[in-house]
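Taken from TrEMBL as is:
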DOMAIN    501-550  domain 'Cationic amino acid transporter C-terminal'
TRANSMEM  58-79  transmembrane segment
TRANSMEM  85-107  transmembrane segment
TRANSMEM  119-140  transmembrane segment
TRANSMEM  182-204  transmembrane segment
TRANSMEM  211-232  transmembrane segment
TRANSMEM  252-273  transmembrane segment
TRANSMEM  285-311  transmembrane segment
TRANSMEM  331-354  transmembrane segment
TRANSMEM  387-405  transmembrane segment
TRANSMEM  472-491  transmembrane segment
TRANSMEM  503-522  transmembrane segment
TRANSMEM  528-546  transmembrane segment
Amino acid sequence: MSAGQRSESSSSSSSPSWLSHFWSSALRSKPLAPPSDTTIRTASGGEGLVRRLSLFDLLLLGIGASIGAGIFVVTGTVAHDAGPGVTVSFIIAGGSCVLNALCYAELASRFPAVVGGAYLYAYTAFNEIIAFLVFSQLMLDYHIGAASIARSLASYVITALELIPFLKSNIPSWVGHGSEEIYGAFSFNLLAPILLVLLTIVLCRGVGESSILNSVMTVTKVVIVIFVIIVGTFEVDVSNWSPFAPNGFKSVLTGATVVFFAYVGFDAVANSAEESKSPQRDLPLGIVGSLLICIALYVGVCLVLTGMLPFKSLGGDAPLAEAFTSKGLQYVSVFISIGAIAGLTTTLLVGLYVQSRLYLGLGRDGLLPSLFAEVHKTRHTPVNSQIWVGIVASVLAGLFNVHILSHILSVGTLTGYSVVSACVVTLRWKDKTVRQVFGMPMSSRAEGLICLITVVCCGFAAGVFYRFGASFIFLIIASVIAICAAAALHFRQVYTDTPGFSCPGVPIVPIVCIFINIFLFAQLHYEAWVRFVILSIVTVGIYAGYGQYHANPLSSKTSIIYHRAPAEEAP
């Protein structure tokens, strides 16, 4: 055989070999640790995170992530279209999030010892490539979101400083509000990166310090929100609540798709698994409890706002502050500004915290360089991951007008929520036999996955039909097919009981979550769909070039010990 023939033969055989290695790597999963295994484990060795967070801390973490300045803005914006029915919009969206929270709560209870959240759940229930895709979609949301929030916080801080007479009109716009746009994307902001650096330093010092800051800020904003509700109650004119839904129920439902994202953040509690004192008990309570508190606060603000002013006069940049100013209660507007600053601070703090823990999880599993897996030996924080997150957010916030990217956000969140719901179903499957389906042999798992994919497709189709005003019959057809798939999952699969907290109504509740999440996904701007596809392609490329060669789902073989909070240590 000539040299040219040998080279051609080697090339043709290496291609299938590479493809075979890629698929075998992409389809491997992380084994589920037994319920009795409560040791924190890591691939890189070293020290673990410290267990400091109590149930109260977890509740404040979830509230801090969800309640931001949006409570003072989004309520009025949606009320302008939905009228007093915005209250129902928040209840519908909150109810949907409660279902998602129940799914998160079950998995947080089953994976109480390690960080990772949706990424870890997908790695265990499905495979490596899906877990990496979930991580990348979530991370882009987090990075852009953190930069956007930092810019908003900087603007609020400058607005507050301008209340001081000698500073009014003397602070250049590039300091906090942002310079004029260059090429439609670049806009310099000095204060936003400074704020990010300060919060990153707090997070690097330890979970105790960051928890204290989050607790103080969250309690402050919750007290202000409650104060606003109480004061506003005395200014309510019940005649403003009639008609309750002036533009019909469709406007209320559309409002629910908008305000759904006001609740995003409760999943942050799941990512604190390794730092919770009693994770199996406190994580489910923290996830669901923080969400219920947020629903109560949002509904209270909606009722007050729509009762104080006619809905047609709402919808400005600061509708709640304007409502109190119109009633001669300017001092309340000052409290609202303080609450907005506190709300943005906690949302940003928790967002940075969650990102670093996700990077920590991937660093431990080898999907990212081991640098991200290192934990400070005395501070017990993932310093490298935290600094990296702070650098990325600072660059984006300091140089770019990230607000123009807001319409491509929420893709990662909805993707993550849907995958988590699907994980609840697949991890409960017990029967793995092969059966006949339409005359073809098929494993029960494969049949179940086909049913889940059918629900996803039907949810997206229903969302598209609703968005573009298609005939109602198409919505019904999509829903009926999804119901048939749900029935197959319910009657043709065997589900096991889980230790700890169990999501009720499996598989129906998770399936409803998937359908609603994908329905909302279809409501996003078309550029968000493009972002999803492009980022997925880039992620697969990164995995093909690095992840498949370095990942190790069995990295949990190397173990480290828990670190209890100082108060719990034996004398």
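Every residue gets a Cβ built from N, Cα and C, even glycine.
TrEMBL annotations: computationally assigned, not manually curated.
The shown structure was predicted, so the numbers you read here are calculated from the model rather than taken from an experiment.
For the domain 'Cationic amino acid transporter C-terminal' (501-550), the DSSP counts in helix, strand and coil order read 39 helix, 0 strand, 11 coil. Counting Cβ pairs under 8 Å that are 6 or more residues apart, the transmembrane segment (85-107) and the transmembrane segment (252-273) reach 3 or more and are in contact. Remark: the transmembrane segment (387-405) contacts the transmembrane segment (182-204), by the rule of 3 or more CB pairs under 8 A. By the count of Cβ pairs under 8 Å, the stretch nearest in packing to the transmembrane segment (331-354) among 58-79, 119-140, 472-491 is 58-79.
Sequence-distant residue pairs (6 or more apart) of the transmembrane segment (58-79) and the transmembrane segment (252-273) include at least 3 whose Cβ atoms are under 8 Å, placing the two stretches in contact. The stretch from 182-204, 252-273, 503-522, 528-546 that makes the most Cβ contacts under 8 Å with the transmembrane segment (119-140) is 528-546. For the transmembrane segment (182-204), the residues of the chain that approach it from at least six positions outside its boundaries are 146-147, 150-151, 153-154, 157-158, 174-176, 210, 213, 345, 348-349, 352-353, 356, 376, 379, 381, 383, 386-387, 389-390, 393-395, 397-401, 404, judged by C-beta separation under 8 angstroms. Residues 53, 58, 61-62, 64-66, 70-71, 74-75, 77-78, 81-82, 85-86, 88-90, 92-94, 96-97, 101, 104, 107-108, 111-118, 245, 279, 283, 286-287, 290-291, 294-295, 298, 347, 350-351, 353-354, 357-358, 410, 413, 416-417, 420, 520, 523 of the same chain lie 6 or more positions beyond the ends of the transmembrane segment (252-273) yet place their CB under 8 Å from a CB of it. Long-range contacts of the transmembrane segment (528-546) within the same chain: residues 22, 26, 128-129, 132-133, 136-137, 140, 367, 407-411, 415, each at least 6 residues beyond the stretch ends and with a Cβ under 8 Å from a Cβ of the stretch.
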